Amino acid sequence: MAESTVTADSKLTSSDTRRRIWAIVGASSGNLVEWFDFYVYSFCSLYFAHIFFPSGNTTTQLLQTAGVFAAGFLMRPIGGWLFGRIADKHGRKKSMLLSVCMMCFGSLVIACLPGYETIGTWAPALLLLARLFQGLSVGGEYGTSATYMSEVAVEGRKGFYASFQYVTLIGGQLLALLVVVVLQHTMEDAALREWGWRIPFALGAVLAVVALWLRRQLDETSQQETRALKEAGSLKGLWRNRRAFIMVLGFTAAGSLCFYTFTTYMQKYLVNTAGMHANVASGIMTAALFVFMLIQPLIGALSDKIGRRTSMLCFGSLAAIFTVPILSALQNVSSPYAAFGLVMCALLIVSFYTSISGILKAEMFPAQVRALGVGLSYAVANAIFGGSAEYVALSLKSIGMETAFFWYVTLMAVVAFLVSLMLHRKGKGMRL
C-alpha cells in the first residue's frame, strides 16, 4: 500500500488545507493526552502522597513524591533517543502511536496501584516504575510531535501552527488541573485522599484510546528517501549537527526550568509559601493556565514576523530581570487577584519560549535527524533542569533557603539569553 505523505508548501488547495488541519488536530490530541496523564501526577500528589509513602510531615511526603516526579524525567533522554530514532528511521506516525500506548499503560498502573499499607515498599517502587514508563513515553512524544507539527505547517505561518504543540501541552496540564478542581468541589476531602485521586489517572487512560484512533488517521510527513539514508536517526548523524544540539540544550534548560516553576510547582508554592488554601491556589492556576494557553498562537504568529531569535532574546532578558521580583512578591501575596496577575506576568514572559519551542528546534536540524535532534536535546535539558525544579525548590525551602531558588532560575535565564544571541537571524540558516 502506498504511503500517504504531506509536506509544507505555501501553495495549498482546499483539500491540502483540510488535511493539514486534521494533521494538527490528530497530533495535538495525542499530545494533550500525553501531557494530561503526566501532569495529573503533579496535581494529585497533594492527595496521594500519604498513600504510597510512610507517615511523616507533609513537606517530607511531598518531597518524596517530587523525587518520583523528577525520576520520571530521567527516562526522557532515553525516550528522546529511542522514539527520535524510530521517527527518523521508520516515520513520525509510528513513533507517535507507540508513545500514546505507553502513556496509557503507565496511567492504568497508577490508577490501580495499592498503597503502602497494603503492599509495603512495593507501593513506592511500582509507582516509580510507572512514572519511569511515562517518562520514557513523554521523552519520545515531545521531539516527534514537535517535528511533525513543524513539518506539516505552512511556510510563513510555521510559528503560528507549531505553537499548537504547547497549546495542547498546556491544555493537557489545564485539563488535569480542571479535573482536580471539579473533584475538589464534588467530593469530600477524605474521599479524595482515599480513592478519588485515582479517577484522573483512569480518565487519562480512556482519553488515550481516543487519541490513538485519531493518530491512526494521520499522514506521514517524512519522506521514504530521507528515512532510507544511512545516517537517518543515528547518533553519528546527530554529531554532525552538534552545534545545534548544544544550543538547544542551553535555551531548553532555562525554558523548561521557568515553565515548570510557574506551572506545576506554582500551585504548591501558593499553598506552602503564600499560605493560600489548596482550592484557591488551584482556581488561580486554572485561570492562569487557560489564558496562558490562549496566548500561545498569538506569540507564535508574532515570531513569524519578528523571528525566533528576537522572541528568544525577549524571553531570556525578561525572565532574567523579573523572576526574582515576581517570586518575591508572591511570597507575601494575600489577594487571589494579585496572585493571578503576578503569575500571568511570569507566564507571558515564558510564552516567548513556549510558543516557538518546537519550531525553533526543528528548524535547526536536517530532516534525517530532526526528531532525534529535537527530542534528545530537549529531553536531556528537561530531565536535568525541568524535572528537578520542584525537588530543588522544596529542598531549598526545607533548609530555609527558598530565595536561592529564585536566583537559580534567574541565572539560567541569563544562559538562555546568551545562547539566543548565537541563533541565526530571521530567514537565515533554517532547515524547514
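Quick reminder: no glycine exception, Cβ is built from N, Cα and C everywhere.
Membrane topology of Gly30 relative to Ala338, as recorded in Swiss-Prot: opposite sides. Note on the topological domain 'Cytoplasmic' (140-162): residues 6-10, 12, 20, 23-24, 27-28, 30-31, 34, 76, 79-80, 82-84, 86-87, 92-93, 95-96, 98-100, 103, 218-219, 221-222, 297, 300-304, 308, 355-359, 361-363, 367, 370-376, 378-379, 382, 432 of its chain, located 6 or more positions outside it, place their CB under 8 angstroms from a CB of the stretch. Counting only same-chain residues 6+ beyond the ends of the transmembrane segment (340-360), those with a CB under 8 A from a CB of the stretch are 142, 145-147, 149-150, 153, 158-159, 162-163, 165-166, 169-170, 251-252, 254-255, 258-259, 262-263, 266, 284-285, 287-289, 291-292, 295-300, 302-303, 308, 311-312, 314-315, 318-319, 322-323, 326, 329-330, 333, 374, 378, 416, 423, 432. Here the transmembrane segment (374-394) lies next to the transmembrane segment (244-264) in space: the count of CB pairs under 8 Å, restricted to residues six or more apart, reaches at least 3.
Per-residue confidence over the topological domain 'Cytoplasmic' (215-243) averages 87 (mean pLDDT, predicted model).
Across the topological domain 'Periplasmic' (265-279), DSSP assigns 10 helix, 0 strand, 5 coil.
Taking every listed stretch (33-53, 96-116, 244-264) in turn, the largest tally of C-beta pairs under 8 A with the transmembrane segment (163-183) is reached by 33-53.
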